[in-house]
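Asker: Not my notes, these are from Swiss-Prot:
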type     : residues                   : note
ACT_SITE : Lys101                     : active site, proton donor/acceptor
BINDING  : Glu21, Tyr54, Leu73, Glu74 : substrate binding site
Amino acid sequence: MYRLDVTNFRVWVSIGVSEQERYHKQPILVSVSLVFREEPKVCSTDEISDGICYAALVSLIEQTAANHPCALLERLAKVLLEKLEESLAQFVCKIDLRVSKERPPIPNLLSPVSFSISKEVP
């Protein structure tokens, strides 16, 4: 199995149930794990053009999150998963995604709240 993991990429997004909560962008952590259909060509060639560019991957995540304001983490995760699948289906057979709200507006909650979603890519 060949897998690429990008862990805890911070994205600033408009998210929240209330208008007040969405008014200021909030930090969201996105982690994604991509399982490849076969050995990526880059493993043999050592050429960046034969692999998935990390910068392009996180840029896709950032742009998608910025262009799709959501009330809830669950919806944001689904939107991101759909975009990743659309962009990477020819290369990957499975996508695991975790979206974490670093600072949920809940008193005494000291750690992020996360939602995870996983999909086998046909």
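Cβ coordinates come from backbone N, Cα and C, glycine included.
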Asker: Highest CB neighbour count within 10 A among the binding-site residues Glu21, Tyr54, Leu73?
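Answerer: That would be Leu73, with the most Cβ atoms nearby.
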Asker: Out of Glu74, Lys101, which has the highest number of nearby Cβ atoms, where nearby means within 10 Å of its Cβ, if these are the recorded positions?
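Answerer: Neighbour-count leader: Lys101.
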Asker: What's the CA to CA span in angstrom from Leu73 (substrate binding site) over to Lys101 (active site, proton donor/acceptor)?
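Answerer: One finds 7 Å between the Cα atoms of these residues.
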Asker: To the nearest Å, how far is the Cα of Glu21 (substrate binding site) from the Cα of the residue listed as 'active site, proton donor/acceptor'?
Answerer: 12
